[in-house]
């Protein structure tokens, strides 16, 4: 019985960590504390990057932001103002990526401790649905970590936006979408399992677990297939994998 509070704490923490990655508003207060300091560092990084590239900041380079703010006259009326907006968004994106990577590492550390106390096969024998959630959380955390590190390296020009890097740049994002879908389905499956236990306390737990797991995969697999198809269809067939003027390109590749 003493292990129940610990397991509940671990489950709540893992759920909060991954949910925070899905819904950024849960970590906006923490993000705001780091963004202001990061903007000053990003400003110097931006200036050095421009000098190394031999480029001069120009409003035309950030046409996407000029177009987005054309409805607000005077909001962006100079190259310096446009540069400040891009720097702010770049700093904000970088802080989110660093926090995402930190949350993933923390979740992985907690999962390692959890599996050290009790192996995954033993978790599966006790509660297949919960074991599935732990397993999917492990995979999702790894994918999120790789995705965050990837875009941090892209922003530092360690990975270039060129056609030969298309697979490396696009594959983690595709894996992120699919694993996140499976995670959401597994999370819902845990709640459904608990409701079934309360609603039908006399029925066989094995049969209920099989039904819930079947429902998880029956819901997640078609959704994952649709997402994969959509991403493959909309994936750029030629040129740079990150189109010029895109939202991500304007922020990270600035």
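The backbone N, Cα and C atoms fix where each Cβ goes, and this holds for glycine too.
Looking at 43-70, 127-154, the range annotated in TrEMBL as transmembrane segment turns out to be 127-154.
Note on the transmembrane segment (166-190): residues 15, 18, 22, 129-130, 132-133, 136-137, 139-140, 143-144, 146-147, 150, 154, 159, 212-213, 215-217, 219-220, 223-224, 227-228, 231, 235-236, 241-242 of its chain, located 6 or more positions outside it, place their CB under 8 angstroms from a CB of the stretch.
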